[in-house]
Amino acid sequence: MAWIQIRLNSTNERAEAISDFLEELGSVSVTFMDSQDTPIFEPLPGETRLWGNTDVIALFDAETEMQPVLTALRQSGLLEEGFAYKIEQIEDKDWEREWMDNFHPMQFGKRLWICPSWREIPDPNAVNVMLDPGLAFGTGTHPTTALCLEWLDGLDLTGKTVIDFGCGSGILAIAALKLGAKNAIGIDIDPQAILASGSNAQANGVADRLQLFLSDRQPADLKADVVVANILAGPLKELYPVISQLVKPKGDLGLSGILKTQAASVCEAYAQTFELEPVAVREEWCRITGKLA
């Protein structure tokens, strides 16, 4: 069976109302997506967490006349004047198979691979992390995650303790453990991230070496040889006193989730106590690394 798909750009404040309205107009399915691949966690019961700039995607039966749908949307007041939209015909497919086919093993640095569980491992002798998209995003596809994974791959983590601040799926902490770290600690504000990290650690056989804490319950004396934080520039600057205190003397720090235009202000904050290295850039994103002076 074929479908007609309409994709509308919206804000997170209006996305749910638009979704409800489209269902009233006869949509059989409505989903939310972010074109910039920004990480987001699965919502808690009764909660819908969205990106600041959200695309609303609705499917209609192929026989649906879309002009009345567009007219109703214009008259609803839910979208800005001259709102952007795209309508296209979608052929029926095995959507689960299609989704799975889009994820492939990815290499980061010289040793590290991130592999979906349903794919064959390209190099059994490499450091392989098995991770599937699921409870929390963070699978290596976003430039910031890739930058952090490559940085960890380039460090000698043998016998060291690593803190993954804002752990999400736990991908960075798990990768660090597989790369030789003795122990890792994951910290996040979201309980769903803690669950996801624990599940992924279990699947990779490293759960016994990973401690997980909600940020308001982390021990006051936490310290690590390596601290990595892949969040956003604003929180990185605000949390400078917290993050910098987590790093042991002569320890390593890696920060990402930072746009190129924001790098200077983040560097200014952390240069107070860290000897910073040249900024690494990928697409519009960058990574800041340094050693505690």
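The backbone N, Cα and C atoms fix where each Cβ goes, glycine too.
The local packing around T145 (S-adenosyl-L-methionine binding site), expressed as other Cβ atoms within 10 Å of its Cβ over all shown chains, amounts to 27. Marked as S-adenosyl-L-methionine binding site by Swiss-Prot on the basis of sequence analysis: T145, G166, D188, N230.
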Site diameter for S-adenosyl-L-methionine, Å, by largest Cα distance between T145, G166, D188, N230: 16
Secondary-structure category, per DSSP, in which D188 (S-adenosyl-L-methionine binding site) falls: strand
Assigned element (helix, strand, coil) containing N230 (S-adenosyl-L-methionine binding site), judged by DSSP: strand
